[in-house]
Amino acid sequence: MATTAITTYHALTEAEAIALAAELFPEGARLECREIGDGNLNYVFRVSDQESGKGVIIKQALPYAKVVGESWPLTLKRAAIEAAALRKHGEFATGLVPEVYGTDEKLAYTVMEDLSHLTIAREGLIQGKSYPKLSTHIGEYLAQTLFHTSDFALHPFEKKKLAAEFSNPELCKITEDLVFTDPFFDYDTNDFEPELRQAVEAVWRNDALKLEVAKLKRSFLTEAEALLHGDLHTGSIFADDNETKVIDPEFAFYGPIGFDVGLFLANLLVQGITRDGEGRDTIVKHVENTWNVFETRFSELWKSEGIEDFRGVQGYRESVLEKIFRDALGFAGCELIRRTIGLAHVKDLDGIEDAERRIHSKKQALHIGETLIIKRGELASINDVTALLEEL
Ligand code: SR1
Ligand code: MG
């Protein structure tokens, strides 16, 4: 797709979005545009043909975090990182990420496939949908993207070139602060109901927990294992009963493999906390299936496409997977805690209207989060993780 003649950054108007997308539609098509973004950081325009209903998405990064306002400046480079990550991950996770039609670094926008026939998975899950293929697709996505961008599949020159291209310090700093630091101290960014204060102060006083979080933060800061999505929560996934598409990898960077796995598991667990009976069983199965599909596919890729000289050494693959599993549980624990008491919450919990039930669910999220962090070395299998949900 050709780029625009506009060269100075400014927030796009709907008319400009239409002009940018026009070449993707038949000549003379009557186009309309709506801003549909409900995320924390960007504008999202849907441009569509009024007759056929077919559309494209134009996502534009703002020079600040929308969730806070202009007082929180944020690099525009994240738009280029996101487009590059979608393309790189799309090479391996076939059909599981949207197609990118074009991108413009100066205006910080990306034109991509319209997914409006699907629903954001978090919204659907809150409505009680079960998305039967969600965990199979995400397990596959995780294995394909993380294996193929790691040293297990790439020549070290290629891997280090990619790691440099995906240097993303500003977005990583958001995660370092909001996921790994602020919720564990009495910092101003935190946000929680007064009824949770006792439980939150217990977190702040828990030195054993903080020691483990410090170790996890260090892994996030230092371990460049694979090209991560970097923010793989259920709001970053579009789905229906048959299809799943992972969007929004603006936090992409080279980091520990368990981070993507753990974030997704944590967001399933949050949803599981809010359900009971069969609804909860569905989430339990998704948690278990995500890990099982990831582990199986990662092992298959290791055997069929691995290039590491030590790949045939007895026990090496198992030890790599064991590390990913333990990291994932720890990262999941941090995500559960930060989504409960940190700056950026989730609708699964905040949307519970009954105050007593909401506070109770949030205490459960804190409890499972702490357990995953502290006991990540003892939980022997993914079934021990889902047992935490079943025991609530
Ligand atoms: C200021 S950004 C807050 C959160 O939104 C994003 O989706 C990330 O999860 C980030 O931590
Ligand atoms: Mg996002």
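Heads up, the Cβ atoms here are built off N, Cα and C, so glycines get one too.
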Co-listed ATP-binding residue [TrEMBL; alongside K59, E113, D114, L115, D248, P249, E250] among N40, N42, N289: N42
Neighbour tally for N42 (ATP binding site), based on other Cβ positions within 10 Å of its Cβ: 21
Binding-site residues listed as E113, E250, least Cβ neighbours within 10 Å: E113
E113 (ATP binding site) - helix vs strand vs coil (DSSP): strand
Alpha-carbon spacing, D248 (ATP binding site) to D231 (substrate binding site), which is rounded to whole Å: 8
R338 (substrate binding site) to E113 (ATP binding site) - Cα separation in whole Å: 31
